[in-house]
């Protein structure tokens, strides 16, 4: 069967992967209301396309933190990619590089920063969890710097792990042949079996619940890399992030895996963009499956988007070729959306190109009697 859109990879992944692995990638927290809403909320935004504009040339290129990329579609950090495919993060890194875009490597990758760097050139960011032992954090950040990573995406929504019931039912743990490669030499690379979710127990033991804004400041004293604050959903926190010296904000609800009943990221986006006041770029992750979704996010003020689950599902289905296909399908759909909306470059995408369910209705002239 020919794959014609990103979503089709999920079903293939479900058939191919062990249940524990598929459930880990696919599930959200508790009732999974936010998981559903991350997708559904995009249906509440409609287009206002402009016609009779010369769209024979479309430019999707952009810059992120000064780095030139081919399109505003990037790869979000997702953990344990070798559970999906033996090449794991290596394959994802090569696919991102071939597409001319950015890959974010998870702290909990099954390949190390050095191994991912060895795949060849590419612009890569490193997602950071702050461990209780700050020496571990400092060491990890230094290694990412040395390996040529260009930014730190600091995850701030996980002082504790969200309640993911599928992982509890499945007694989720990392398969015995895999380790958290970045922590292997620090005796933090293995995850023990637990009476609920092995990952939840690992987080409870290792991740610092006391993490606060002062740690964002601390991070800036140990690295010159720009810091993206990942997990912002409110105007209040957007303003604090800017004041704290963040170089960018990622509007994220952790793929709906942390606190259930937070809004879809596309619903929270505009509030955060307005609060940032153009002082730092704002990005979005969560629920993007179509080029139309990318356009909607940019129309609401995002500088770019990150995809997570589509990467692991396509990786499971077809390895590196699958991830390449996901990136190229999203690129082609986004280009088509731009053309059909009358936009020739990203700067031409405006708020006027969409209407949302939460906009005040456009006043209509009274009908003539």
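Cβ coordinates come from backbone N, Cα and C, glycine included.
Taken from TrEMBL, the feature active site, proton acceptor applies to 254.
In sequence order, 27, 28, 29, 35, 162, 164 are the residues of the chain that are 6 or more apart from residue 257 (glyoxylate binding site) and have a CB within less than 8 Å of its CB. Annotation source TrEMBL lists glyoxylate binding site at 24, 129, 164, 254, 257.
Marked as FMN binding site by TrEMBL: 77-79, 106, 127, 155, 230, 252, 285-289, 308-309. Cβ neighbours of residue 230 (FMN binding site) (same chain, under 8 Å, six or more residues apart in sequence): 127, 153, 154, 155, 156, 157, 250, 252, 285.
According to TrEMBL, the feature domain 'FMN hydroxy acid dehydrogenase' maps to 1-359.
Note on the domain 'FMN hydroxy acid dehydrogenase' (1-359): mean pLDDT across this stretch is 95. Spanning the listed glyoxylate site, residues 24, 129, 164, 254, 257 have a farthest Cα to Cα distance of 19 Å. Within the same chain, the residues at least 6 positions away from residue 129 (glyoxylate binding site) whose Cβ sits under 8 Å from its Cβ are 107, 108, 155, 158, 207, listed in sequence order.
When other Cβ atoms within 10 Å of the Cβ of residue 164 (glyoxylate binding site) are tallied across all protein chains shown, the result is 25. Under 8 Å, Cβ to Cβ, and six or more positions away along its own chain, residue 79 (FMN binding site) finds 106, 107, 108, 109, 110.
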